[in-house]
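As given in TrEMBL:
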type     : residues                                                                              : note
DOMAIN   : 7-296                                                                                 : domain 'Thymidylate synthase/dCMP hydroxymethylase'
BINDING  : ARG25, ARG158, ARG159, ARG198, SER199, ALA200, ASP201, ASN209, HIS239, LEU240, TYR241 : dUMP binding site
ACT_SITE : CYS178                                                                                : active site
ACT_SITE : CYS178                                                                                : active site, nucleophile
BINDING  : ASP201, ALA295                                                                        : (6R)-5,10-methylene-5,6,7,8-tetrahydrofolate binding site
Amino acid sequence: MAHPEYQYLSLLRRLIDHGAARVDRTGVGTKALFGEQMRFDLSAGFPLLTTKKIFHRQAIHEMLWFLSGDTSIRPLLANKVRIWTDWPLANYRKKSGEDISQEDFEARVLVDDTFAAQWGDLGPVYGKQWRRWQGPDGKVIDQIQDLVDGIRTNPTSRRLLFTGWNVADLPDMALPPCHMTYQFFVADGKLSGLIFQRSADTLLGLPWNLCEGALLIHMLAHQCDLSVGDLVWQGGDVHLYLNHIPQAEEQLTREPRPFPQLVIKRKPDSLFDYRFEDFEITGYDPHPHIKADVAV
Ligand SMILES: Nc1nc(=O)c2c([nH]1)NC[C@@H]1CN(c3ccc(C(=O)N[C@@H](CCC(=O)O)C(=O)O)cc3)CN21
Ligand SMILES: O=c1ccn([C@H]2C[C@H](O)[C@@H](COP(=O)(O)O)O2)c(=O)[nH]1
């Protein structure tokens with residue numbers, strides 16, 4: 001069987017060859033396809049792309065941050081994860097008129113509590129909706145805890161899902177959720193998960209989304225005494241930014257190598273008690289990193 005990474009590489013190829021040219025919110029421009037799907041059998045390996053190095057250390061931190069319910073970039077910065085800085089930074093520069101550098105902005109968020117509260121928060125993004133969805137009656141809903149309970153007590157339920165797409169809260173979010181809905185399925189002692197992603201930056205964001213989706217399935221399966229099944233990824237507007245085409249062409253010259261394995265070294269009492277040190281990726285031997293600028 002062909003290496004599963006060819007699903008991703010063939011998507012890059014099709015985007016370059018057949019994507020519809022579009023003007024997008026960022027002004028960069030994209031080539032886009034609508035309605036794409038990929039499937040990875042997690043028992044056969046961890047889907048961390050090998051045709052370029054993916055910074056999985058940062059991706060693991062991001063997933064733990066979502067699960068913690070936090071929406072400030074401060075805990076990310078404390079772990080040297082800088083992928084979310086651009087949005088609050090642009091907001092601060094615009095509103096304050098101060099031409100602050102990214103480094104200085106990040107340093108202030110880290111040391112100054114008042115500054116961090118005012119400028120370092122992304123609004124009611126992923127973590128808030130996943131863990132603290134506010135009901136109309138003021139009741140707070142923990143969608144992830146409910147999911148864990150559901151998988152354990154009613155594994156054939158067709159309602160094992162959670163979503164970040166809280167319509168009423170969208171205007172207050174720095175960015176509306178991209179990987180917006182997750183659904184789960186238990187069969188033959190295996191847990192599978194499906195991600196619906198309304199908008200996918202195929203070169204930069206998507207490899208992280210696959211890594212983090214796979215990590216979440218592993219964690220849920222670990223907690224619910226199941227083994228891992230498939231990660232199914234579905235994308236709505238799946239795009240390649242025009243300034244990423246040379247990087248995509250470079251990546252397409254490379255041959256996939258075997259996927260690594262994820263080792264979870266400890267079983268904590270709950271899904272929310274995992275620490276970064278509990279995870280190890282073994283056997284990862286990727287091609288070199290390919291640098292690309294993120295569209296803000
Ligand atoms: N245009 C865009 N693409 C995204 O993927 C994206 C957004 N915006 N906005 C919100 C988050 C932030 N995410 C990001 C942002 C940056 C990188 C990025 O630049 N990754 C580089 C290296 C990062 C580094 O040097 O630490 C990579 O090669 O993966 C990845 C995901 C995913 N999301
Ligand atoms: O996890 C993520 C988060 C974001 N993205 C990408 C997808 C788009 O390129 C932008 C978001 O812009 P919108 O105009 O809100 O669609 O970020 C991603 O791929 N993965």
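Note that the numbers count up from 1, one per residue, in the order the chain is shown.
Using the three backbone atoms N, Cα and C, a Cβ is placed for every residue, glycine included.
Here the features listed in TrEMBL are placed on the structure.
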residue : record                                                    : Cβ neighbours (10 Å)
ARG25   : dUMP binding site                                         : 10
ARG159  : dUMP binding site                                         : 10
CYS178  : active site                                               : 20
SER199  : dUMP binding site                                         : 20
ASP201  : dUMP binding site                                         : 22
HIS239  : dUMP binding site                                         : 27
TYR241  : dUMP binding site                                         : 23
ALA295  : (6R)-5,10-methylene-5,6,7,8-tetrahydrofolate binding site : 20
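For the binding-site residues SER199, ASP201, HIS239, TYR241, a Cα to Cα distance of within 10 angstroms from ALA295 ((6R)-5,10-methylene-5,6,7,8-tetrahydrofolate binding site) holds for ASP201, TYR241. Close to ligand 2, meaning a Cβ under 6 Å from one of its atoms, are these of the binding-site residues ARG25, ARG159, SER199, ASP201, TYR241: ARG25, SER199, ASP201. When the binding-site residues ARG25, SER199, ASP201, HIS239 are checked against ligand 1, ASP201 have a Cβ within less than 6 Å of one of its atoms. Distance from the CA of CYS178 (active site) to the CA of SER199 (dUMP binding site) is 5 Å. The full span of the recorded dUMP binding residues, ARG25, ARG158, ARG159, ARG198, SER199, ALA200, ASP201, ASN209, HIS239, LEU240, TYR241, taken as their largest Cα to Cα distance, is 36 Å.
If you measure from the Cα atom of HIS239 (dUMP binding site) to that of CYS178 (active site), you get 12 Å.
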